[in-house]
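These come from TrEMBL:
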type	residues	note
DOMAIN	11-347	domain 'Isopropylmalate dehydrogenase-like'
BINDING	Arg101, Arg111, Arg135, Asp225	substrate binding site
SITE	Tyr142	site 'Important for catalysis'
SITE	Lys192	site 'Important for catalysis'
BINDING	Asp225, Asp249, Asp253	Mg(2+) binding site
BINDING	Gly285, Ser286, Ala287, Pro288, Asp289, Ile290, Ala291, Gly292, Gln293, Gln294, Lys295, Ala296, Asp297	NAD(+) binding site
Amino acid sequence: MTTTSPESPIKLAVIPGDGIGPEVTDEALKVLDAVAPHAFAVTRYTLGAEHYLATGEVLPDSVLDEVRGQDAILLGAIGGKPNDPNIPPGLLERSLLLRLRFELDHHVNLRPSKLYPGVGSPLANPGEIDFVVVREGTEGPYTGNGGAIRVGTPHEMATEVSVNTAYGIERVVRDAFARAQKRRKKLTLVHKTNVLVHAGSMWWRIVNEVATEFPEVTVDYLHIDAATIFMTTDPGRFDVIVTDNLFGDIITDLAAAVTGGIGLAASGNLNPSRSTPSMFEPVHGSAPDIAGQQKADPTAAILSAAMLLDFFDMSEAAERIEKAVEADIAERDADRPRPTAAIGDAIAARV
Ligand SMILES: NC(=O)C1=CN([C@@H]2O[C@H](COP(=O)(O)OP(=O)(O)OC[C@H]3O[C@@H](n4cnc5c(N)ncnc54)[C@H](O)[C@@H]3O)[C@@H](O)[C@H]2O)C=CC1
Ligand SMILES: CC(C)CC(=O)C(=O)O
Ligand SMILES: [Mg+2]
């Protein structure tokens, strides 16, 4: 489906994907349409588990090329039912979701975490929580570098090699410092330098090198295991966290949990140079356990749409969404959950 508007609209590829992906994406589009009508020319792409099962296609090169020609991507979630015997493990995650991130050079995976007023946190004394995780998005153990030998024998061996390049680290570290400079001027590197010494030394060295260009930013370091402690005992200590692809994936689910749940956590897979379309998506996955039941919270997808607006310098519209979300959240009653579409309607009405 393509919707055009007379004033050079932003070309938006929408990939609803699997499970709750289409449900939450519909609500994000509803809110975008309310806050910025005619700002987007939407093209929907049917990709994901169902499409693979029906056609055997994951992400044809021709579709990738088309998507590359768009200005931005809004994605729901990718991933089929757990252990579906008809889908090879990781096929959709690797050959669709990660392929988009890698081919489109989404090296800054930006994941903000904020505890909105009135949101229940599982922490007894959460205090004020407002930090962003800058997760490296194109390297680490997610590159598919590895393999298995002697499969099925008692001597089977598997490796997943973490790829870390000075180029890849430096550009994401520089981005994180720039964000810290504009925020509360504190950057925390999260890694595991005590064990992953080769990659860890490079991350630590590059952080310290780039730090000389940002003398106002205080640098902190935490091992990933200790970072999970502080994220639950003292999350207010964080301003900007920079970390690798795997640690960033894990710690942002934890960050979502401490700030009221995965249904509120938004993200942007950014190529700050804008030479390719950046991709905005909730942190969560396809949630097969609640799919098709209108139980999903679309707030994460809606806030991801706000990040998209912000990326295109439509900050006033982005703020209107954030304010509408904040107001909606403040009135939520955990004992009376609303259907996905009703939450989208309420937020769209407020913007
Ligand atoms: N970016 C993406 O497309 C991602 C895809 N996945 C894929 O999604 C599938 C399911 O993965 P899981 O590990 O179960 O993670 P998940 O994030 O889909 O679900 C974890 C738990 O959170 C709940 N949940 C998630 N989103 C929610 C929402 N908006 N509202 C309310 N509850 C919500 C689910 O019901 C489930 O209990 C897998 O195939 C996985 O590979 C996982 C994470 C990210
Ligand atoms: C499914 C993975 C490839 C992605 C993921 O969990 C994430 O980006 O948070
Ligand atoms: Mg994840």
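In case you wondered, yes, glycine gets a Cβ from its N, Cα and C as well.
Mapped onto this structure are the features recorded in TrEMBL.
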{"residue": "Arg101", "record": "substrate binding site", "contacts (Cβ under 8 Å, 6+ apart)": "Asn109, Gly137, Thr138, Asn269, Met279"}
{"residue": "Arg111", "record": "substrate binding site", "contacts (Cβ under 8 Å, 6+ apart)": "Val132, Val133, Val134, Arg135, Gly248, Thr252, Ala255, Ala265, Ala266, Ser267, Val283"}
{"residue": "Tyr142", "record": "site 'Important for catalysis'", "contacts (Cβ under 8 Å, 6+ apart)": "Leu98, Asn245, Leu246"}
{"residue": "Lys192", "record": "site 'Important for catalysis'", "contacts (Cβ under 8 Å, 6+ apart)": "Gly200, His223, Ile224, Asp225, Phe247"}
{"residue": "Asp253", "record": "Mg(2+) binding site", "contacts (Cβ under 8 Å, 6+ apart)": "Ile262, Ala265, Val283"}
{"residue": "Asp289", "record": "NAD(+) binding site", "contacts (Cβ under 8 Å, 6+ apart)": "none"}
{"residue": "Ala291", "record": "NAD(+) binding site", "contacts (Cβ under 8 Å, 6+ apart)": "Asp18, Gly19, Ile20, Glu23"}
{"residue": "Gln293", "record": "NAD(+) binding site", "contacts (Cβ under 8 Å, 6+ apart)": "none"}
{"residue": "Asp297", "record": "NAD(+) binding site", "contacts (Cβ under 8 Å, 6+ apart)": "Val24, Gly261, Gly263, Leu264, Thr340, Ile343"}
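Residues distinguished by a CB atom under 6 angstroms from ligand 1 are absent from the recorded positions Tyr142, Lys192, Asp225, Asp249, Gln293. Checking the binding-site residues Arg111, Arg135, Asp249, Asp289, Asp297 against ligand 2, the ones whose Cβ sits under 6 Å from it are Asp249. A Cβ distance below 6 Å to any atom of ligand 3 is met, among the recorded positions Lys192, Asp249, Ala287, Ala291, by Asp249.
Long-range Cβ proximity for Gly285 (NAD(+) binding site), meaning a same-chain Cβ under 8 A and a gap of 6 or more residues, is found for Gly19, Ala77, Ile78, Gly79. Between the candidate binding-site residues, Asp225, Asp249, the densest Cβ environment within 10 Å is the one around Asp249. Within 10 Å of the C-beta of Arg135 (substrate binding site) we count 28 further C-beta atoms, all protein chains included.
Taking CA atoms as the reference points, Ala287 (NAD(+) binding site) and Asp249 (Mg(2+) binding site) are 16 Å apart.
With respect to their backbone Cα atoms, Asp249 (Mg(2+) binding site) and Lys295 (NAD(+) binding site) stand 24 Å from each other.
Sequence-distant neighbours of Lys295 (NAD(+) binding site) (same chain, 6+ apart, CB under 8 A from its CB) are Pro337, Pro339, Thr340. Apart from Asp225, Asp249, Asp253, the Mg(2+) site neighbourhood in this chain, defined by C-beta within 8 angstroms of the site C-beta centre, holds Ile224, Thr228, Leu246, Phe247, Gly248, Ile250, Ile251, Thr252, Leu254. Of all Cβ atoms in the protein chains displayed, 22 besides its own lie within 10 Å of the Cβ of Ala287 (NAD(+) binding site).
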